[in-house]
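Q: Please find one structure pasted underneath; my questions will follow.
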Amino acid sequence: MDIKKLKLHHRLETNKLKTNKHYEEEVKLTQMVRAAGUAAKLGPEYLAKALEIIPQVFNKDLLVGYEHSDDAAVYRINSETALILTLDFFTPVVDDPYLFGLISATNSLSDVYAMGGKPLVAMNIVCFPACKDVGILAQILKGGFDKVQESGAILVGGHSVDDNEPKYGLSVCGIVHPGRVLSNSAAKVGDVLVLTKPLGTGIINTGIKAGIVGQQTVDEVVKIMTHLNKYAALAFDDIRVNSATDVTGFGFLGHTMEMARGSDVTIEITVAQIPFIAETEELAKSGIIPAGAYRNRDFVKNDVRMEGIADHISDILYDPQTAGGLLVSVPENDAKALVAKMLAYGSLDARIVGRVIPKADKYVIVR
C-alpha cells in the first residue's frame with residue numbers, strides 16, 4: 001500500500017469510528033487520569049537516581065544499551081541483522097478510545113525509526129479498569145492494531161492489568177543492518193539539526209484536559225500525534241545521517257541535551273526556526289504547562305544556556321512531547337536534500353533548527 005492509500009485508509013478508519021463507537025458507556029478518558037501522555041512519565045532526574053544502583057551491561061553484540069539514554073536497545077544477530085528492542089506506554093491524551101490507540105501506537109513505534117530501523121512485530125501493553133465497558137478497550141486496541149498495520153509490522157497479542165487509570169502502549173521489535181544503526185550519541189561538529197514535527201503537544205493536551213482548546217487545534221494535534229515517523233525516516237535510505245532521536249517525554253531540550261552530551265559536542269538552537277502547534281504560545285503565556293515540563297527543566301537546566309529567550313518559549317522547549325518528531329543530526333551539505341526527501345515521503349514537517357559546534361561551557365545554547 002503506498003503512502004497516499006495509507007493516509008486515505010487512516011482517514012476512513014478515523015471517520016468510521018467517530019460515527020460508530022461500538023460501546024454504550026459515555027467516557028472521557030482524560031478525566032480518568034492525573035496526567036496525560038508522556039507528561040505522565042517519571043521525570044528524568046528521578047529515573048537517573050533510580051538507575052544508579054543498576055550496573056551497565058556489556059556484550060560484544062549489544063550495539064546500543066542504555067549508557068546514553070538512547071531510544072531503544074540494539075542487539076546484533078549476525079553481520080547482516082540486528083534487532084531493535086523497545087517499549088512505550090502511557091495514559092490517554094484524548095477522550096476518543098480509538099484515537100488514543102492510534103496515538104499511543106504511533107509513539108511506541110517511533111523509537112524504531114529513530115534508530116534507523118523498521119518495525120517487525122509488536123505486542124500490546126494494557127492497563128484498564130475491568131469495571132468499564134469492554135467496548136471502550138476494544139476501540140483502544142483497534143486503534144493500536146490499525147497503526148501497527150500502517151507501519152508494516154504485525155501485532156501478536158500482549159498482556160493486560162486491571163487498573164483504575166487506563167494506559168496503553170506497545171513493545172516493539174524492529175530490524176536494522178548493524179552498519180546502519182543510528183544513535184543519539186554520534187552528532188558531528190559541522191552537522192545541522194533537522195526537526196520533523198512542531199512542538200507543543202504536552203501543553204495542548206493539558207489545555208484539552210482543561211477544556212480550553214479550540215476544536216481546530218484539537219484536530220491539528222491529533223493529526224500530529226497519529227503521524228508515524230516512518231515517513232520522515234524513509235529519507236534515511238537515501239541520505240546518510242550521523243545521529244537521531246525522537247522528541248518525546250523529556251522535551252525538545254532534554255533530548256537535544258542527551259544528543260549533545262552523548263556526542264561530546266555543543267548544539268546551538270535557533271528558536272525562530274522551531275515550529276509550534278497553534279495555540280501553544282498563548283497557552284504557555286497563560287501558565288498552562290504540564291508538570292513534566294518543570295521536571296525536564298530541573299534535569300537539564302545546568303547544561304542549557306538561554307540567550308534572550310522569553311519564559312513562555314522556554315516552557316515550550318521543555319514541554320514533554322507525545323508522539324513527537326525526529327531530531328536528526330546531518331552534515332550541512334546534505335541537510336537541504338534530507339529535508340526535501342522527508343517532505344516528499346510524507347513527513348508533516350522538516351526544517352533546520354540548529355547546528356553542532358565544538359563543545360563549549362554548556363551542552364545546549366538557545367538563541
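Any Cβ shown, glycine's included, is placed from N, Cα and C.
Relevant sequence annotations retrieved from Swiss-Prot are reproduced here:
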type: ACT_SITE; residues: Unk38; note: active site
type: SITE; residues: Lys41; note: site 'Important for catalytic activity'
type: BINDING; residues: Lys41, His68, Ser69, Asp70, Asp88, Asp111, Gly158, His159, Ser160; note: ATP binding site
type: BINDING; residues: Asp71, Asp111, Asp246; note: Mg(2+) binding site
Q: Which residues of the same chain, at least 6 positions away in sequence, have a Cβ lying under 8 Å from the Cβ of Gly158 (ATP binding site)?
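A: Listed in sequence order: Met123, Asn124, Ile125, Val126, Leu170, Ser171.
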Q: Please identify, from the binding-site residues Asp88, Asp111, Ser160, Asp246, the residue with the sparsest Cβ neighbourhood, meaning fewest other Cβ atoms within 10 angstroms.
A: Ser160
Q: To the nearest whole angstrom, state the Cα distance for the pair Asp111 (Mg(2+) binding site) and Ser160 (ATP binding site).
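A: Distance between the two Cα atoms comes out at 22 Å.
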Q: Between Ser160 (ATP binding site) and Asp246 (Mg(2+) binding site), how far is it from one CA atom to the other, in Å?
A: 27
Q: Looking only at C-alpha atoms, tell me how far Asp246 (Mg(2+) binding site) is from Asp88 (ATP binding site), rounded to the nearest Å.
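A: Cα-Cα, rounded: 13 Å.
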